[in-house]
RNA sequence: GGGCCGGUAGCUCAGGGGUUAGAGCACACGCUUGAUAAGCGUGGGGUCGAAGGUUCAAAUCCUUCUCGGCCCA
């Protein structure tokens, strides 16, 4: 006999909300609605007068399509803005772009080259106009892509560092440095490409493996106050850049290293045994023998690899510490040339000297090395500018001056080249041979670069910030052998601040104090930026380029002082506001200076783009152009690479001009790797393009991914991962679908007071209240991974697998007026409102779709605030009861599954559970609960006994044809239980 | 090469000296066919990157190594 079909009498969920999302098609439609309604403006109006959360966006570079790093970065930013807004705060978000700088210049130049045009023949103004147009193009492209990602911001009025008002702000900020004396013109070794005759930024340099000539050169010691016995011995230095020997000015040693003196036979003596080679004519054995000094730890290696025959390692003539070299002086192998080469070469203690390779003694050419420059500067030894921009020695240089070859030419450095030949003739060359290593090359020409001192503008890190001090520039063309003047006010080189800067109000001290006062998420960021600021050299501000903000200074040709005139500065700022960077012309200079114009050198260098970005806080937060903002920011949020970048440029800029950081807190994220944890690169073919992900999965999937990974570390993305995220999304989407279906037709009239609800409903509300607190904590800690997994666990475990499963019976089969069903629907409505709001910052499109499905005429879900959760819903005693009940459920299901495997039952609804326990408290705790209902079984019996047991068996009860429960009160005729009979016939 | 950071199930993540290392997903098997390209249950799956050390006891603390990342050279 077949049961009557009661299906039409059952209240099944009803909704048009589709199970399949179709995000790639649907999201753009939702976005168009937001744009048409100006959601951002609506949100500003809705939050007017609320507590502000000042988030300041770091400007990405306006060059190229959005990549996965941008996507992650902006999703996190958007999540911060949206979650804070959800908490009820007013959170403006003005996106911005970094628009000046080299990469854009390159691209524009490339276009010229493609057209066979010469960039140098294009007027600067025209060239800059093209750069501006190029930047604007990518700003527009990226703005579109970021909006597609669901980033809600002031897209109608973003900030661009190339806005005239921004360029004026940057100049204004620079002039603050000038007016407070925090600028100086100095020299510094920079990466220089002799081929392109220009300085290179780090980003323009790439490293390649090459083979250079390595040489060991002997410097005769002429004075050694701490170890007189060393006079006449030779200090051996090792270098892979022989061309720097003609610019040597000293020798560095390490105070901690052990040094050793041994005998060395002149190479000529060895070569003399070879046929056709003349012996070292006319020299006695004694003359051909040198006492040479190297680090003890390196002796064997040198003897083995570079001087297999010359070095006599078996007889130690002297042993000592680096400190024995204090005050010692050597002479240059070419001292006989006189002039520059005749001056003494002092021994200097350098903490960068190691015994990793070389000889433990390092030759110092302050023109051509950073360590060299710093150490020499600290001892009053200045660069001599022996190598010209084209990479050749100055024509008047005493040794090799006018040498036709560029110093990077391998032939010049070769063992048989002019340098080695001269050193050999002077008896100073102890070895010469090939050496393979990694060496910097120009990104564009692929040619080797050199370190070369050039005049640059600096911000001093360790100069006390006080009244303005006139500064001086070094003479542009020092003569051979002359002492080169350094600015007397020039700050100390890096590494010296510890001794000299302590206690003074310096930029470094201010920056370190500001770091200590800043909140970091994760906290390790403090350590990272702190150690960088502690160790960083002075800030090199100048670039010899076209596309950027000019260093608007006039330098007195006689005194070298730069002009500080507030009224002139004001005129400069005003003109920049009107015309932007093109204002900086000789005509303008004449207008400003009148007859005095020839008295001054107009600086044409432009600013490091990091200075631009360091000023965004002034432009965006302070200028009044975005009145919704105020200074300082509550938060800056960028990738961990910005510890060296924007976090630092902003910090230094602001500390110098305002005495504190422009932010209260910093949030950093790691980098996105491929599925196996490796860096993405075009050549590896492992790049995941966010635009593709949006096309195949949708922006909400990408957002859920970004907010599910541990962004504070490096994290991965790949097909498998995205598939997993999509599965997680489907679960959330289906939960919404179920809620929408279950709440079909729900109205306020149906609501039931919490006090009248069954235990399960009250327990769900309790869970909601607990969850609300946990989610708030996660939001305030920016812990989005925790945020999404808390929601996920709640949906998965508490709702889907438990409460919703249990309450299906009530929802489907109770009378619509039954308090039990009304109670559950009341709770489902509360859950619906909580989940849509909580997930709105994550699944921005889906949340809107869900909201619009239930409330087609309502405003956007994104205008809503944190769900109203009554703290009184928390009920610890109830939670304890349910913890116990769910544990019991778990245990029972283990046994029930056995029963099912044995084919005794199909559905658990057919089974009964009998529990015996000695714990009377457990029985009491479960007393108020309908366990059969919670376990979804026919019946549960708990009895007190001496032992613990849990038995399951098929319950011999009739099945209700409508609700499918196995109950004692099923009418044999109708096959309905009492409840269902009342609903169907009552 | 230097500074800093990281490596827990196939995936995303918990756990930071103390029972047999957890969760969700995925996978396998089963139930249901009234959330149905859905829902529920059960299960398998880990030398906690490797090796030493400290300790009664180590995924956890220390050292070295390895792999990977960011920054710098």
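First residue shown is number 1, and so on along the chain.
The backbone N, Cα and C atoms fix where each Cβ goes, and this holds for glycine too.
Features of the protein shown, as given by TrEMBL:
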{"type": "BINDING", "residues": "A:638", "note": "L-isoleucyl-5'-AMP binding site"}
{"type": "DOMAIN", "residues": "A:29-463", "note": "domain 'Aminoacyl-tRNA synthetase class Ia'"}
{"type": "DOMAIN", "residues": "A:505-716", "note": "domain 'Aminoacyl-tRNA synthetase class Ia'"}
{"type": "DOMAIN", "residues": "A:761-891", "note": "domain 'Methionyl/Valyl/Leucyl/Isoleucyl-tRNA synthetase anticodon-binding'"}
{"type": "DOMAIN", "residues": "A:959-981", "note": "domain 'Zinc finger FPG/IleRS-type'"}
{"type": "REGION", "residues": "A:469-503", "note": "region 'Disordered'"}
{"type": "MOTIF", "residues": "A:60-70", "note": "motif ''HIGH' region'"}
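Most Cβ pairs under 8 A with the domain 'Methionyl/Valyl/Leucyl/Isoleucyl-tRNA synthetase anticodon-binding' (A:761-891) among the ranges A:29-463, A:505-716, A:959-981 are made by A:29-463. Sequence-distant contacts of the domain 'Zinc finger FPG/IleRS-type' (A:959-981) (same chain, six or more residues past either end, CB-CB distance under 8 Å): 3-4, 6, 9-10, 809, 812-814, 907, 909-910, 938. Taking the Cβ of residue A:638 (L-isoleucyl-5'-AMP binding site) as centre and 10 Å as the limit, one finds 21 other Cβ atoms among all the protein chains shown.
Confidence for the domain 'Methionyl/Valyl/Leucyl/Isoleucyl-tRNA synthetase anticodon-binding' (A:761-891), expressed as mean pLDDT, is 96. Break the motif ''HIGH' region' (A:60-70) down by DSSP state and the numbers are 3 helix, 1 strand, 7 coil. Sorting each residue of the domain 'Methionyl/Valyl/Leucyl/Isoleucyl-tRNA synthetase anticodon-binding' (A:761-891) by its DSSP state yields 104 helix, 0 strand, 27 coil.
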